[in-house]
Structure formats: structure tokens, C-alpha cells
Amino acid sequence: MELVTFWFILITVLWIGYLVLEGFDFGVGMLLPILGRNDTDRRVMINTIAPIWDGNEVWLIVAGGATFAAFPEWYATLFSGFYLPLLLILVGLIIRGVAFEYRGTIEGDRWRNLWDTAIVVGSTLPALLWGVAFANIVRGVPIDADKQFTGTLFTLLNPYGLLGGLTTLLLFAFHGALFLGLRTEGEIRARAIALAAKLSVPAIGVAVVFALWTQLAYGKAWTWGVVVVAAVALLTAAYGAFREREALGFGSTVLATASAVVLLFGCLFPDVMPSSTNELFSLTIHNASSTHYTLVVMTWAACFLTPVVILYQSWTYWVFWHRIGATKIPPGHGLPWSTPEAEASYR
Amino acid sequence: MDALDLARWQFGVTTVYHFIFVPLTIGLAPMVAIMQTVWFRTGDERWLRATKFFGKLFLINFAIGVVTGIVQEFQFGMNWSEYSRFVGDVFGAPLALEGLAAFFLESTFIGAWIFGWDRLPKKLHLASIWLAAIGVNLSAFFILAANSFMQHPVGVEYNAETGRAELTSIGALLSNNTVLWAFPHQITAAFMTAACFVAGIAGWWMVKARHQAQVDSHTRHEKVELYRPVFRFACVVLLVAGVGAAVTGDGQAKLMYQQQPMKMAAAEGLCETEEGAGFSLFAIGNPGDGHCDVQTFAIPGVYSFMATGDFNATVPGVNQLQAEYSEKYGDGQDYVPNLAVTYWNFRAMILFGVLGAALGVVGLWVTRKGRNPGRWFGRLALIAIPGPFLANLTGWVFTEMGRQPWVVAPNPDGDWTIRMLTQDGVSTVGPWSVGISLVTFTLLYGSLAIAWFGLIRRYAAAGAPGIEEAPDHDDDADRPLSFAY
């Protein structure tokens, strides 16, 4: 296999890792106001992802870095071309990351509500926009002979792109609800599973339309197999939700998310960013890649480091894999919003 | 303003902001790890309380450092896509390595450390904070290796066919002598930042505890005994790191003189070539207005010595270098960086660094042989905290602005064709997009900075937490979490 093909596959794997893992923590964030009826509920929800969300997000940083190193032209055209959606994604990721850490530091409703809003907005924006971005990559965008994106923000807001965004939004909400069913106990678990069952219907509906559109417009013969796997996984996930077998359901949404990424990247290959202006201007794994030497160096690094990373990340999942419920949440340990004593202590 | 100016402002704003938190993170992670190690080995609860106290302040800081880091990576593609196309083959590698080797390590083990109190075995929990600290420092190495390539490109050759810089040796890239000096300089500066932060807060508490009239003498004694050893430990770190920063800074200056003579001349505001040039302490008037008569307070010979190790050496001035550069790299380009910015930031870096380090000297002196300082010292300790922060910021502004107009400065001893002017590296993105994002980031970062400062102040003023009884391990599955958001 050519190294450029290997790197295309590796970047696919990094995106699978990112979207499968952060997919459920986006879902947990989006469902915060829906499933979290009081502060304790919301704290239960946040604590299911608190030790791991940061590690999940690193998959994105590595996917970005790997694209920069292996396909610099793709990185340059994509990131400058999708400027405003990426800006919104960054804003989302910034506010939600700070919110997880800061919400519990001060005891006060206004303080917590502010950061809860940040978590919801910061989870919803990327969950929607990653879908829009990937759908547009597969669909093709105007790229000129100099590998420059020549469209505008509105080029990206086409029906197929928006459907892609809706798909990831619903899929991640479904994925997150099943994750909460798996990681919580008591009333909140029951509510999460019931919500997962309700979400399964629109999620599957939209995902099927998007998958078929993708396959019919951009698919290859072998990607029909991926569509079938995705469909079976989604139906199994729904079955898991309705039968309250959340482990089966969650495992299935993992598979469904992974197959969605495989479908999109499979349709793309061997292009990395097709041009809608002229086929000859498309970025491919060949004309967008780094030199052979750089790829060799990066391959060695990836082969040594990736297994180690997967090993210790799995270890943290294993260590913190215990159900959390309202009874296990200790009283808040933040400082008071403001008291005369606190103010006096500064002097 | 056009897209270039806006993109440069955005790079400056986001990087400077990111860099308020990063040095503190780099230095504080190992310092908290050391505190926890002392507790682990001695069982002395004071060190456990110190670990939790400074660990909390560390986490408040870490959160913002992490989220603002993503912007840095994305920004190369968003605002500097032509630069990314030119050097992606070389520059992407250390960034990807940083993610794979360092970011995964720090983010995973920080999570394990925060939520692992009483859940992980003590040894494994201690290992977690050490692994996170190693990850943080490792990431500094990779990012500095990437930056050093922009200062002094090595391990690379120009491919005329593709029109880009291509990597020929990863070993050369990672052992660039620029990074071998920049890394220890940055690490010692980061340790100064963290040590001054710890010494400032612990010193303030040490004094305050003695003067708290409302607490009984037993509590008072206990509190003084809690903060005093932490304070002295931080003073030692501050002093050692301060000496280290000065030594490595001197090494960097000599290297800069060889690799980027223009930056060095600009740092001194040296317009004309001079024999036995002096080190200008400060100038009256604006060193940037092109006159060379601003060096009023200079120590003779010291600049020549700093640059070459010889007090009488002849060092080239800005005007001579501009002529040389024009001949070598083409006419019609101003190769002189903004003189006022480089001149003043270089001085500010040294001044703030020295002021920060002074806390270590004074602190060890006033606490010698069991002595206790007076009330004045509490104020002084707090005032010293911003010193190393400002030294870091002004140091980076100097390093980056001093490189202008280059984004990749040519290597005078290497392949001259590997060079790029900043104006050629910018994306072809419309100024509106860059303007919107500049405003967005400035407002967002501004509000987050207020939250950060408020929380650090509040938690520092609340003091070290008491220690609760460790829960029984028998009913592991049913007991409440020891730490929860």
C-alpha cells in the first residue's frame, strides 16, 4: 500500500476516534437541559464525562496535526476555505471546555446557569457544524487552479450540507443519551434510555436519507456495504433503546458513527477535497500530500505512539467506568458567590 | 486594515493570551507533582494540603490553557494557509508529534489525577500528575522545535518543482541549536512564573496567618507552619530557575547574533556598526525614529560581549544589515523590525525577570533561620507575582516581532532559499472574515480572562483546604465520588 493511502486511512481512523468519543460527550452536553431537571441531575450528567472529555478532544487536535503534516495542501485549503464554520466550532469548544471546569467552582445559580448555557451551546454548535463541514467536503466545493477555495459561507449552506449537519446533531444526541443510560443509575438512567428511544426515530430517519443521498450521489460499489452496516447498527441501537439494553445500544451507535465516517471518507477517496469548479483542480491524496520522507517519519511515530495512547486512554475509561447516580454526588465544593467574609479576607 | 494586518493582530492577540496561562501550567504541574511527592514520602499532611491548594489553582489555569491551544493549531490553516502550504511538509510534523506524544498524555492523566483521589492507588495517582507534568513539558519542546524552524530553518531543502520547503532530516529539525537553547530558556522562565506564583501566594498567606487577630494562637501557628515550607521551596525554585533563565538567555543572545543579527541589533537600537558597543539600559526618545543618538545610558562594551563574548568586538548596526540583506534577499523590502517594540520589549523582559527573581532572594533572606518577615512582605509577595508573567510575554513579543518581516527567517549559514516574508504567508481570506474572528476572539478571551482572574483571586484568598478523613475502601462501588464537578 502506498504511504499516502495509509495516511488517508489513518486520518479516517483519527476522525472515527474523535467523532465516536466526542460524539457522546457532545450528546451529553446537548441533553443537559432536557435530562437534567435539577442541579444534581446535571452534575450527574457532567460527571459521566468529566474525567475523559479532554482526552476525547485531543483526537481532534491530532487529526488536525496529522492532516497538516501528511496533507498540508488539504489542511491549508480546508481550514482557510471553511473559515467561519471553523470559527464557530472553535468558539463552541472553548466555552464548553472552560464551562466543565468552572461551573462547580462557585456556588450560585446565576454562575452555574451561565456555564450550563455555555455547555449546551458549545456542544450543539460543533455537533451540527462538523456534519455540515464533512458533507461539503464530500460534495465538493469551488476550488481554483491555485488550490484556493473560491466560495463563500453560503456555498456551504446547501441542502445536502445542512442535512449532514442535522444527521450528526441527531446522531450525537442519540449516542449521548445511550451513553448516559450506560453510565448512570436510578431515575436519570431511566429517563435517558426513554429519551434515547424517542430520539432513535428522527435520528434513524434523517441518517437513512443522508446515507442514501451520499451513496447514490458519491458512493462506490463497496460503500454499499458500509451503508448496510450503518443501517443495521442504527436499527440495533434503536432496539437496544426500546428494550433498555443500553450497552447493546451504545455499542451500536459507536459502530454507526464509525461507519458514517467510513462512508464519507470512502466516497471521498482518492480525493481529499474535490473541486466543483473543475475536476482537474481537485485535491487528491497525491497532489495534496507531504513528501515521502515526511510520511515515513510520521508513520514510525504513529506506529509507536498510537497503540500506547489507546492503551492508557482505555485504562482511564476502565478506571472511571462505574455508574453514577444522584446518591454518589457529594455536596458542591465551590466557594460562595460573594460574602462579606470573603471580601474581607482579601484585605 | 487589510487581511494581513488583521491576521497579524489576531495571531498576536490569541498567542499572547494563550501565553499568559501556558508558562504557569508548564511550571506549576511539576511543582504540584513535587509537593505531592513530598507528602507521599513523608506523610506530612501540610504537603497534602499544599498539593490540593495549588492543584486547584493549577486546574483553574489549565482549563483556559487547553481550550485556547486549539485556536493556535487551527489558525495556521485559517489565517496563514500560504505559509502552511510552503512549510507544511516540515512544520506539520512537530505539531502532529506534539498531539500524539504530549497532548494525549497530559489530558488523559490530568483527568485521572483530578478524579483519581481516593480511587486510584496512591502510587498510581502520584504517577498520574508526574505523567501530566511530563506531557506538558514535552509539548513545550515540540512547539518550540516548530517555532525554532521559523527562526532558523534546518533539516530542510527547497524543492523548485513544488515551490515548497521539504523535510530532509527530522533529527536535524528536532536538534536545531535554536531549540536546544530556546527550550531550557522557556522552561526556566516557566518555572520562574510558577515559582513566583506559588511564593507570592504562600508568602502572602504566611504573613497574613501571623497577623490574623481572630484566630487563636494554635491555629495561627499551624497556618504559618503550613505556608512557610511551601514558600521557601518556591523561593529556591525561583532562584535556581532565575539563574538558569539568565544563563540560557545569554546563550540565546549569542546564537541570535549569529542567526538573526538584525534582531539582535534591533534589540539594542544599534543603528550604526560599532566597535565595543555598549548595552543600552534605557533610552530617552523613541529608538524607532531612525536616529542613533538615543542611547544615553549604556554600559560600554557589554553589548559586544553579550553577542560575541569579546568586549571589543565590532558588531553590525541596523543600517549596515539592511544594506547586506537588500543585496542578499532583494531590494525594495524593509528588513528592519519595529525598533521601538523590539528595543523596549527586550528591556522589559530582563527587568521583569529580575524583579520576579528578586522575590526569591528577599524571601529566603527574611525567612532565614526561622525568622518571620513583617506585614510589608505580604504585599510585596503579591506584587511580585506578575513579574515573570510579563517577562514571558515581552520576551515572546520580542522574539516574534524581532523576526519580522520574516515568518520564516533565512538561515545565514544554510539554504537561503528557505525563507518567507510574513506578507506572503497569509491566507486569501477576505478581511471581513478575519475581522469578525478577531473581534470574536478578543471579546471571548477578554471575558474568560476576567473569570480566570476572579477565580484565581478567590481561591487563593480562601487558602489551603482542610483534609477530610479518607473514605473506607471496602464499599468502593457505593460510596460517593471523592471529587465531582
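Glycine residues also receive a Cβ, built from the backbone N, Cα and C atoms like all the rest.
Quick look at what TrEMBL lists:
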type: TRANSMEM; residues: A:6-36; note: transmembrane segment
type: TRANSMEM; residues: A:57-76; note: transmembrane segment
type: TRANSMEM; residues: A:82-102; note: transmembrane segment
type: TRANSMEM; residues: A:114-137; note: transmembrane segment
type: TRANSMEM; residues: A:157-180; note: transmembrane segment
type: TRANSMEM; residues: A:192-216; note: transmembrane segment
type: TRANSMEM; residues: A:222-242; note: transmembrane segment
type: TRANSMEM; residues: A:254-273; note: transmembrane segment
type: TRANSMEM; residues: A:293-312; note: transmembrane segment
Two-stretch contact, the transmembrane segment (A:293-312) and the transmembrane segment (A:157-180), at least three Cβ pairs under 8 Å: no
Criterion met for the transmembrane segment (A:254-273) and the transmembrane segment (A:82-102) (at least three Cβ pairs under 8 Å): no
Contact check, the transmembrane segment (A:6-36) vs the transmembrane segment (A:222-242), 3+ Cβ pairs under 8 Å, seq sep 6+: no
Tertiary contacts of the transmembrane segment (A:114-137) (same chain, 6+ residues out, Cβ under 8 Å): 19, 22-23, 25-30, 32-33, 42, 46, 78, 82, 85-86, 88-89, 91-100, 102-103, 155-158, 160-169, 172-173, 210, 214, 264, 268, 272-273
Remote residues contacting the transmembrane segment (A:57-76) - C-beta distance under 8 A, at least 6 residues beyond either end: 4, 7, 10-11, 14-15, 17-18, 21-22, 93, 97, 147, 272-273, 283, 285, 287-290, 294-295, 298, 302
